[in-house]
Amino acid sequence: MVKTNNHVSAIGAVSNVNAASNHQTVIDCDKDGADEKLLKNGNLSRNGLKNGEKSEYDRTMTEDINRFLRDRPLTEDMTCGFWIFKGKFLQRFANQTSYVILYGLVGCVFSMTYSYFNGTITTIEKRFKIPSRNTGIISVGNDISQMLVSAVLSYYAGKGHRPRWIGFGLSTIVIFCLLMAAPHFLYGPGDDALALTAEFGAIADENATMEIIEGQRSKTLCRLRDGGAECVQGEGNVAPQLVLFLAQFISGIGGSLYYTLGVAYMDDNTKKSKTPALLSLSYFLRMLGPAIGLALASFCLRLYIAPNLHPVIKMKDPRWLGAWWMGWLIIGSMILVSGIFLTMFPKQLPRAKARRMIEEERRKQREIIKSKTQKEKDKLISCLEEEKPVEAKASFKDMLATFKRLTTNKTLMYNTFSSVFYLFGYTPYWIFTPKYIEIQYRQSASISNLVTGTVALAFSATGVLLSGFVISRYRPRARYMAAWNVIVGFFTVVGCISYAFIGCPGNEQSVIVNIHDSSLSNATTCNSACHCDYVRYSPVCGENKMTYISPCHAGCKKEHITSTGQKYFYDCSCIPISINKEEKSIYDGLTSMDLTAVANDESDVQVTTLASHMESLDVDISGVGGRAISGACPVNCFSQFVTFLVVMCFLKFIGATGRASNFLVSVRCVPEKDKTAAMGFGMMMMSMLAFIPSPIFFGWVLDRLCLVWGKTCTNKGNCWLYDPESLRYTLNITASVFVILGALFDCGVWYYVKDLKIFDEEIKEIEMKIVQHEEEINAEKKTEI
């Protein structure tokens, strides 16, 4: 209900109520839709103020808030701190700026946990002999707990002191960090790691390290008599794996409380026009976490797993184990300290509480002024004075009623399913992009991680910040923001489909997969006697310019390592000898003088050494087989890689611009009291329908495209080589189908948000404009009379 007044600045002001009551016309906006009609007829402009100019309403509101905080004492729910940790010093930080910065920094530290886990997982697997498939199960533990508890927790916690509930959630993250480090303290560094330290009798021996390295190298060659490379042992003790899974499961509880309550508290305690900018700032701070987490992982892994001992080996030794556990203690300590400060925030920020109380007082005054007779006014005043807003207490019955409201909210459900399908389709890119770049465009692992971890992150951060400040400045209507999400969705679809056509033909046609399986065929092949079943994937480039899975699969029996570390392989039975001398340019640096073979007493493997060069200068190897060099054959995929990078950065940027608008629609389409429950419900849906099933589904899809599988003693190992062309089409087209479904649901959101108000100013501006319009009509009527 809205009143009109000759002086817009006096709307709701208690001192002007009686003076204004004689010049009022009452309009029921909700019933008659007068505001929409006026806007559609063109009688009112969308925004009568210049950008950055404060309205009279904002100026009077600011004055009233300052007067309220100056004249009234702070209540318990506006007081910063707890127990003996209270006072004026802490109270000065009870504002939205302090909260947003601290909340973003906590998110930054929290997001470090994901990248630190990914950065140290190979060391954890090596220490506890954990298969990669088990690692995948461990990593989804947090999604499982979010699916189970996020909706219920957010409902009950949303009714209480939210900063303290967030503090409780962060305490579970601290427990998660301690549990992640616990296997080290429960089981120690391991006997193998201790045996390599001076304190346990080991002697520094560079030759021993070289023997280990040479032994591993020799396992990649064709071994004719001793049965080939040994199989990889299966998994070790299951107890450390259970501890790690429990840790991940607990982290999901803290994560759900942090994400749902944190942004809801931010939205409730800031002006709605400032929410997008502040939300984007917190997102930006959280985005810094993964890069810092990887840097911390790199630092910790440079330290030996037992820092108090003195290892006799160096980092280049394959037996080296880094201090993977140390980073968890550092991250846990940072979350503990920042979590304590975050818990000190009051239940409601003082200025936000004052604003709500003043707006409630003004609402009551408008209701009083509406009454036409003094008797009605007196009666209404009495009722309003007795009226006290009562919030329903948390109960199982009320929770069911809340979720029933949410599930029947069409805008919320369309928006939730849009996010589910979008996340389902985009999950493989988050997980698989570095490996995808390695497979498709022959880029190194360091380049692939650099691109995804820094370049792409920079574009995402820019998109988030820019969109937040644009929305805060121009305050677009809900339908415009929903329309932008539709555009973002279809741009993403186009980008995913374009990925399917950005391939490198030379890469896809240069790999030879010649795996001999004696169980399927007894036919003799060029490498059937080499026993390559358990040889790891280590590609080599033959002089025929084709890439082979490993020296063993190429039938290579001899190896030479130059002073620069470059490896050459000879006597390769699967590689035809090149006749064209021009094609031998990469091998011309070696002559027969360099290729002296020294017989290995234990096997047929012959490893040449520089010390033996002078012992046999006239060895003729021209007729014993082809030659190869370590590494896949060079393929020029740079232009395709740059094209892929441009498309990826564009999609990262455009996708990030939709985050703030998507959040605003999801929290504005539900009643204020259901906001946190709606966010928890959305997290539950996304975990149940996207985060858990998507990796399983796309893992199944990718497994069907595998060309070369590793083997363990008891089972099939990880995939070593995928079919690049099939991977490119299948992965991108399948992902684009799910993103299309998400974009279609965004169209439904666009349809249902036509009457949704995102900002308070939208309603207030319309009220003031309708006031002026009604007074003009009344003045015209009086003139006619």
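Here the Cβ of each residue, glycine as well, is placed from N, Cα and C on the backbone.
Remember, TrEMBL labels are computer predictions, not curated facts.
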Listed range which TrEMBL flags as coiled coil, given the options 28-55, 364-391, 756-783:
756-783
Go through the chain and flag residues at least 6 beyond the ends of the transmembrane segment (283-305) whose CB is under 8 A from any CB in it; none is fine as an answer.
101, 104-105, 107-116, 118-120, 123, 127, 184, 189-190, 193, 197, 311, 315, 320-327, 330-331, 449, 453-454, 457, 460-461, 464-465, 468, 659-660
Proximity verdict for the transmembrane segment (98-117) and the transmembrane segment (638-656), three or more C-beta pairs under 8 Å:
no
How many of the residues that make up the domain 'Kazal-like' (520-576) does DSSP mark as helix, as strand and as coil?
0 helix, 15 strand, 42 coil
Mind checking which residues of the chain, 6+ beyond the ends of the transmembrane segment (638-656), have their Cβ under 8 Å from one of its Cβ atoms?
426, 433, 437, 440-441, 443, 451, 455-457, 459-464, 467, 488, 491-492, 495, 498-499, 502-504
Surrounding residues of the transmembrane segment (325-345) on its own chain - C-beta under 8 Å, 6+ positions past either end:
80-82, 85, 90, 94, 99, 102-103, 105-106, 109-110, 112-113, 116, 120, 163-164, 166-167, 170-171, 173-174, 176-178, 180-181, 183-185, 265, 293, 296-297, 299-300, 303, 305, 307
For the transmembrane segment (733-753) against the transmembrane segment (451-471), do we get 3 or more Cβ-Cβ pairs below 8 Å once near-sequence pairs (under 6 apart) are dropped?
no
Integer mean pLDDT for the coiled coil (756-783):
57
